[in-house]
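Novice: Structure below; questions to follow.
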């Protein structure tokens, strides 16, 4: 029995060593493709926005974790294809099967490696990528002084005493002064009818509250007639969020660069609605499903690697072509189901897992057919 276990350990080690080289090659090849795109973007940042070269290099370094998370599944797909092609080309798989070892047992180490890499990919996505993304935003905000890193409109919805709600919209935010720019406040009564609208050039955070500057206000009576209020230089008002909350929300405005914890916290704030809420709800479930593409790709690559050699041709060029084709089809299907999940939000958890389920089923079916030969 000990001898049998030792043989199995040797087999697993041998197969994994066969995977290591092609996986490293795939990691380098796909990473260079992504890196080239980022370098071109950073070149425009230096030339057009006059960002320091050191800041551009720092941004690139902090972007590496996000690129690695995207590259790992495709690198594992290519590595598995090339490893299986090599074992098939040299008739090693045939020899192992002749020695009484089943195909499933031969590739079991690869399948376990796919699961382990999926977990590693998920951990990096959850813990490293969000921190790296926040560092990129901080460097961009510091290095490009004439451009705020927060380049989207801000909307805050807060309840009013006695019922109703207040919606605050600002077109800009100054991180250094913690001021909102071009502020519009709309107050609604309990029946969701607008009763007042306020315009201000800026809002500064002072003494735990917001101070509006250069204020124009208009009220609406019961008949909907607009009543102009006297113009005032300053007016204190509660918005419903502090600068730290605003920075956190505007910094983490890309769900792909956020962890599931951050997405869940943002959803709980109640500041999202409509398409924005759907987008983040789907992203919350996709963040768990997407890393398991590593396991799915390994399962798909094994039968394709064996069949590719039987059909003639081979080598790294064929493996790379197959890897790109499989990954392309997978991500097209993933995009389709992501769109469906946003439109059928009730069954979104099921829909985001459907690509993995479909490709896993296809991989198992093909593997079982080849194993039976």
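Every residue, even glycine, has its Cβ placed from backbone N, Cα and C.
Annotations in TrEMBL come from automatic prediction, not curation.
Here's the feature list from TrEMBL:
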- 20-41: transmembrane segment (TRANSMEM)
- 53-82: transmembrane segment (TRANSMEM)
- 103-124: transmembrane segment (TRANSMEM)
- 288-306: transmembrane segment (TRANSMEM)
- 318-340: transmembrane segment (TRANSMEM)
- 346-365: transmembrane segment (TRANSMEM)
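Map these features onto the structure and tell me what's around them.
Specialist: When Cβ-Cβ distances below 8 Å are used as the criterion, the transmembrane segment (20-41) is approached by residues 60, 63, 67-68, 70-72, 74-83, 86, 316, 319-320, 323 of the same chain, each at least six residues removed from its ends.
Sequence-distant neighbours of the transmembrane segment (53-82) (same chain, 6+ residues past either end, Cβ-Cβ under 8 Å): 19-27, 29-31, 34-35, 38-39, 42-43, 45-46, 110, 113-114, 117, 120-121, 124-125, 128-129, 132-133, 135-136, 139-140, 142-143, 256-257, 291, 293-294, 297-298, 300-302, 304-305, 308, 316, 319-320, 322-323, 326-327.
Distant neighbours of the transmembrane segment (288-306): 69, 72-74, 76-78, 80-85, 88, 93, 107, 110-111, 113-115, 117-119, 121-122, 125, 260, 319, 322-323, 326-327, 330, 334, 352-353, 355-356, 359-360, 362-364, 366-367, 369-370; these residues of the same chain sit at least 6 beyond its ends, with a Cβ under 8 Å from one of its Cβ atoms.
The list of residues near the transmembrane segment (318-340) in space but at least 6 beyond its ends in sequence, with Cβ under 8 angstroms from a Cβ of it, reads 22, 26, 29, 73-74, 77-78, 81-82, 85, 282, 286, 290, 293, 296-297, 300-301, 304-305, 308, 351-352, 354-355, 358-359.
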Novice: Which sequence positions outside the transmembrane segment (103-124), separated from its termini by at least 6 residues, show Cβ-Cβ distances below 8 Å to it?
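Specialist: Beyond its ends, the transmembrane segment (103-124) has Cβ neighbours at 8, 11-13, 15-16, 19, 65, 68-69, 72-73, 76, 80, 83-84, 93, 96-97, 288, 291-299, 302, 367, 370-371.
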Novice: Six or more residues out from either end of the transmembrane segment (346-365), which same-chain residues have a Cβ under 8 Å from its Cβ atoms?
Specialist: 281-282, 285-286, 289, 292-293, 295-296, 299-300, 302-303, 330, 333-334, 337-338, 340
